[in-house]
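Some notes on the structure that comes next.
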Amino acid sequence: MDSACKPTQRRLDAAGFWQIWQRFDADEKGYIEEKELDAFFHHVLTKLGTDDAVMEENVWKMKQQFMAAHDVSKDGHIQMKELACLFLSEDENFLLLFRQETPLDSSVEFMQIWRKYDADSSGFISAAELCNFLRDLFLHHKKAISEAKLEEYTGTMMKIFDKNKDGRLDLNDLARILALQENFLLQFKMDACSTEERKRDFEKIFAHYDVSKTGALEGPEVDGFVKDMMELVQPSISGVDLDKFREILLRHCDVNKDGKIQKSELALCLGLKINP
């Protein structure tokens, strides 16, 4: 925890903090403006049960404490982690912010995680499967946690990220938890360039998804490519949809039926002729 960050005596949980944060950062930029601080602290203190009679005084004190401890950037942006550590315990802080510290580089990495924890291949992550994910996450970061706390944090994560409140997480919910980087394919415009440029772009695209460097896309590499490709035309796809699109792609591209997509097979699917 930042040494300049001294938590207040009264604490929120991660779900409570997230609920307030979203009011001010609705489009999830990851920061709020300095001019919003008073209103933000007012919401926090209201949630913590502060008496109206001392509200303004406490908001002022809290703002002074915060401004003394933090060097607000010239653009007036205040990051979520700067405020979270004032109101959350260390574990709750970690739960909310670990995704900002370790964002995923590619959809292939994301799909490896999705396939591992969607153990029953239902196309959703259940609370029990999310609990397994969090257990591994805490172990990976060398943080000890009891089973009781783990269950509590699983409930917190479901509260924060289960958008439609159906008791399970879909592909998009997990992508939000893991702070997946921007779709790799967005940088390419395959319909607006020459054949040579398309070939060059194809080489870059294939190299990006062929993480294992085998010359063929398989398993989560196919998943990652399908996810990014479909999200170019359909911004939000479910795990069930992804499996359908994956099956269609393999049916069309996997000429030798080995369950993989060779480089030459994908080129053929995209109408390109490449050197062997």
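Glycine residues also receive a Cβ, built from the backbone N, Cα and C atoms like all the rest.
These features come from Swiss-Prot:
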type    : residues                               : note
BINDING : Asp71, Ser73, Asp75, His77, Glu82      : Ca(2+) 1 binding site
BINDING : Asp118, Asp120, Ser122, Glu129         : Ca(2+) 2 binding site
BINDING : Asp162, Asn164, Asp166, Arg168, Asp173 : Ca(2+) 3 binding site
BINDING : Asp210, Ser212, Thr214, Glu221         : Ca(2+) 4 binding site
BINDING : Asp254, Asn256, Asp258, Lys260, Glu265 : Ca(2+) 5 binding site
DOMAIN  : 12-47                                  : domain 'EF-hand 1'
DOMAIN  : 58-93                                  : domain 'EF-hand 2'
DOMAIN  : 105-140                                : domain 'EF-hand 3'
DOMAIN  : 149-184                                : domain 'EF-hand 4'
DOMAIN  : 197-232                                : domain 'EF-hand 5'
DOMAIN  : 240-276                                : domain 'EF-hand 6'
Specify the count of other C-beta atoms within 10 Å of the C-beta of Asp258 (Ca(2+) 5 binding site).
12
Between the Cα atoms of Ser212 (Ca(2+) 4 binding site) and Asp75 (Ca(2+) 1 binding site), what distance do you get, rounded to the nearest Å?
42
So, in DSSP terms, is His77 (Ca(2+) 1 binding site) helix, strand, or coil?
strand
So, do the domain 'EF-hand 5' (197-232) and the domain 'EF-hand 3' (105-140) meet, by the test of 3 or more Cβ pairs under 8 Å (sequence gap 6 or more)?
yes
In the domain 'EF-hand 6' (240-276), how many residues does DSSP put in helix, strand and coil?
21 helix, 2 strand, 14 coil
Return only the integer: C-alpha distance in Å from Thr214 (Ca(2+) 4 binding site) to Lys260 (Ca(2+) 5 binding site).
11
Distance [Cα-Cα, Å, rounded] between Asn164 (Ca(2+) 3 binding site) and Ser122 (Ca(2+) 2 binding site):
17
What same-chain residues, at least 6 away in sequence, bring their CB to under 8 Å of the CB of Glu265 (Ca(2+) 5 binding site)?
Cys253, Asp254, Val255, Asn256
Just give me the nearest neighbour of Asp75 (Ca(2+) 1 binding site) among the binding-site residues Asp120, Asp162, Arg168, Lys260, Cα to Cα.
Asp162
Among Asp120, Asp173, the binding-site residues in question, whose Cβ has the most other Cβ atoms within 10 Å in this structure?
Asp173
Within 10 Å of the Cβ of Asn164 (Ca(2+) 3 binding site), how many other Cβ atoms are there?
9
Chain residues in Cβ proximity to the domain 'EF-hand 4' (149-184) (below 8 Å; excluding those fewer than six residues from its ends, i.e. six or more beyond):
13-15, 18, 91-92, 95-96, 99-100, 103-107, 110, 113-114, 123-127, 130-131, 134-135, 138, 205, 208, 227-228, 231-232, 236-239, 242
Helix, strand and coil counts within the domain 'EF-hand 4' (149-184) (DSSP):
21 helix, 2 strand, 13 coil
